[in-house]
């Protein structure tokens, strides 16, 4: 129903007003606001009443609310004094509940109190309010009664709405190491200037990288934990805080983080992580015709052979881990990215524009089908796997645990910790991010099985924006960002293994031919 059908409105569209907090569970305060729209609504008894669409100054448009006429006041000096009085009461009430001043949790209150005249006192507020109109007096009495009740009870807030408000005001930053920033620039240069593509499927895919990181993280956490009992040797036996694990040492949180990265990557890759020149390649490698299902008998035979021979802890049979070197193309080696390249810093964006089709692939230029073979020599293993193998030998056939005992004997409080820690490490070393039967043989594998570190790194450019649209408590967000930081350090430490220049090839050689599709385990 429109606003021009005879009903008289006290306020009009576009007028600057003061409006009460629309949520009855929150503190009774007045906000600076503006009327966006006016309509005729109905109350609970079906009577026609005016309703106003209110925009609160400084708030996101998503917080615009419809309010009844009795929730809106004119922008006058008297109502401004009432606004300041309610703001002071609300802040005092929050302080009395033990909340920090910097976390006032009342948007708009700080700006109201900043404009408070120094000579204005509570007594003057009472005197000025007593001379107001009858309508204002009635409102003042109701507000005073409600304020008195609120002062005796703790302010209750809806956690979900409060978290959303805080997230809108929070800026999330993920620091990317310098060596990885340069990798992002080189990646942009190779794709957009040199018209190269990352050869797919990657030799070390994202599943392998994430699983390797969890094992790397767990091993480092366990070895650093060995020193902890020495410093807490004098703690009393009854103290149960010895079981506390900091977020940056928590393996379960690390597993949740990498699983979240996997899910986020699979979803966002086609939306925001591909350059326009890569769109056609993505459609090809994710088609059902590109990958052929593996025969169950061949798979079981291959895995049984792998189980009989010792292997590094991070070479997981469930993920593609080819040891074939990149095929030579006959072209000169790809040069380094030129400096001061203006297009090398362009941002990632989604585009429906397809890149130009490759020239026809000849049989001689088609990449051979890589075969899974066992890592029987250290020369075929990346530096990361060699490093972890030397640091933590895994005796899969031996019942003796990994030696994790500190040099000094600990107290009885920590006597049972070593066995538990050893079991946890052995469990983590056999842990897999996805089950063996995923993805099903009749379905194309998800992007995390095909793409590698080059595209995973791009995700961290977009993560602050993605996280800004999610609801996290301050504590959980801080822990998550800490784990992101540790993971980026891991990528930076082994960037020579994860980001080889040979990964970028000509567009016509950027994927295996459909005649010889690459096996996905």
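Cβ from N, Cα, C; glycine included.
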In Swiss-Prot, one of 61-113, 114-166, 167-219 is tagged region 'Disordered'. Which stretch would that be?
114-166
Listed residues 319, 405, with the one flagged phosphothreonine by Swiss-Prot:
405
Write out how many residues of the domain 'Tudor-knot' (13-71) are helix, how many strand and how many coil, based on DSSP.
6 helix, 31 strand, 22 coil
Calculate the per-residue pLDDT averaged over the domain 'MRG' (168-517) and state the result as an integer.
69
